[in-house]
């Protein structure tokens with residue numbers, strides 16, 4: 001027991017130990033201060049304490065995980081990117097209009113080489129040809145690239161200026177009616193496409209194909225090979241006897257001149273590209289580069305030079321991407337512009353491309369309606385490519401003026417229009433043949449080219465087809481063939497030009513683009529008639545004009561031919577419509593009909609030394625009376641449509657991406673950049 005004194009004398013008890021170190025001493029002694037440097041040293045000591053085997057295993061695991069991560073990113077990155085892009089595109093895309101297909105970017109793969117060893121013309125069966133090994137479709141090593149941006153900008157600065165669209169026009173566009181209703185057809189303009197306007201954008205480059213969009217070429221079949229052989233035979237005659245001139249005279253082994261601008265060669269450029277004739281195309285290109293000169297004192301027809309020369313150059317530019325053809329197109333386009341300097345803005349028929357002057361024919365101040373309204377596709381496209389609005393503005397004014405004119409009969413137009421007054425002349429005569437035919441064709445095709453937004457064009461087209469049904473359609477006897485006649489001052493004539501056989505294809509094209517289904521039914525009836533214009537004739541070739549029997553007569557066919565009309569000029573219109581009908585229906589009979597026509601061309605119009613000739617008498621198989629002339633459109637149109645007709649490749653000039661001008665030169669359908 002402790003006493004109080006003892007307790008007071010003992011020292012006090014401590015329950016803890018206190019150690020005080022200065023910061024410098026702590027750090028110097030290796031103490032912890034939570035700094036990054038200290039943590040790094042601590043981790044390094046732990047790492048050094050591991051055995052070499054342990055460190056190797058850890059490093060291997062890290063390397064393995066890194067490799068797996070790279071492989072996973074590579075395999076999953078692209079699908080995720082595509083899915084993301086697709087989602088964004090879906091958000092930007094307008095809802096699809098039922099019955100109408102949106103225009104796709106105009107693209108055509110660089111053609112691939114066809115078989116060069118065809119030999120003589122093969123005797124082939126009209127049955128379905130056997131499958132052949134894949135044959136490439138064109139010049140495989142003809143890698144012509146689109147023009148550089150600086151070249152295209154130079155083109156623009158040389159020939160154009162940018163014109164800003166007034167704000168008012170933008171407001172009017174928003175309030176524009178969105179639906180057209182015309183006797184059964186309800187069309188909503190495609191909101192995803194760019195409407196033509198006076199606001200010209202950057203000069204356009206030709207279409208190109210991304211690698212992922214290119215498909216394996218469809219094999220060229222035996223019938224297409226026969227078309228290639230026919231083209232080569234025709235080209236041989238032109239090259240041997242008419243090189244650089246307008247048209248071949250195959251019998252006399254000479255040539256004829258119209259404008260002196262190599263019409264046959266230019267008309268055939270895109271045909272050679274599509275058929276895959278590499279050597280012929282390269283040779284023709286050299287002539288265009290070195291010898292095609294427009295600065296010459298010569299009168300040319302505005303319409304013919306536009307559809308053949310300007311259209312051919314623009315088409316070849318788009319298919320090949322070679323800026324040479326755009327430069328030439330720009331040159332001829334500028335030289336044709338004086339034709340529009342008239343009091344009415346309705347162009348003169350003839351232009352001197354060297355002097356820069358224009359005039360009507362010597363015998364009249366009239367122009368034909370078809371000629372002044374069938375140059376629009378080409379001039380509009382030239383404006384789009386060059387950035388110069390003047391070309392499109394000139395031709396658009398013509399269409400707007402014709403839209404407002406009186407003198408029409410339920411949408412049908414007279415054949416002539418005066419360049420001074422701007423009024424129709426020779427009223428009361430209505431036809432879908434010569435001098436009026438392509439007016440109706442270009443109403444539809446301009447609407448398609450511009451993205452289905454120019455309502456006036458569609459309204460005029462729909463009204464005109466109703467006028468055809470009301471005034472010009474009749475049935476023949478005894479086979480009750482539906483045909484398109486003519487109306488003169490209230491009197492119906494059962495006369496039908498072969499030119500009218502463009503109509504079935506045009507009707508089918510309209511139906512494909514969402515117009516009323518009865519247009520396709522009418523197209524099917526009319527193409528049967530056009531085929532019978534061949535089948536009921538002794539040579540199996542159609543005359544230029546036929547007359548149909550309206551009343552049954554014993555021993556008489558539906559088709560009657562007058563002596564002045566029994567010539568055949570190797571025209572393309574029936575084959576053109578067969579191509580459209582097969583492309584849209586897939587019915588093989590249209591290919592078989594075209595095959596019969598090609599065989600008869602070979603039998604009655606082929607010249608052994610090279611070339612094909614027009615004939616004077618389709619009713620005399622023993623002596624069809626050759627005329628000694630091969631029109632440029634035989635290579636530019638007839639054989640091109642033959643080749644496309646026999647193809648089962650819908651992407652070989654896809655009709656949702658291209659629209660053909662009236663000389664069979666494909667031009668792209670406009671879409672936003």
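Even glycines carry a Cβ here, placed using N, Cα and C.
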Next item on the list: Looking at the candidate ranges 56-76, 77-97, 98-118, report the one that TrEMBL labels transmembrane segment.
Entry: 56-76
Margin query: Can you work out which residues elsewhere in the same chain, 6+ from the ends of the transmembrane segment (56-76), have a Cβ less than 8 Å from its Cβ atoms?
Written below: 50
Next item on the list: Provide the number of Cβ atoms within 10 Å of the Cβ of residue 304 (active site, proton donor), excluding the reference atom itself.
Entry: 17
Notebook entry, point to check: Counting other CB atoms within 10 A of each CB, which of the active-site residues 437, 544, 573 comes out lowest?
Noted result: 544
Next item on the list: Starting from the Cβ of residue 530 (disulfide bond), draw a 10 Å sphere and report how many other Cβ atoms land inside it.
Entry: 28
Check: If one looks at the chain holding residue 662 (Ca(2+) binding site), which residues at least 6 apart in sequence have a CB under 8 angstroms from its CB?
Finding: 307, 374, 438, 441, 442, 502
Item checked: Residues that sit under 8 angstroms from residue 501 (disulfide bond) by C-beta distance, when 6+ apart in the chain -> 526, 527, 530, 533, 542, 573, 574, 576, 577
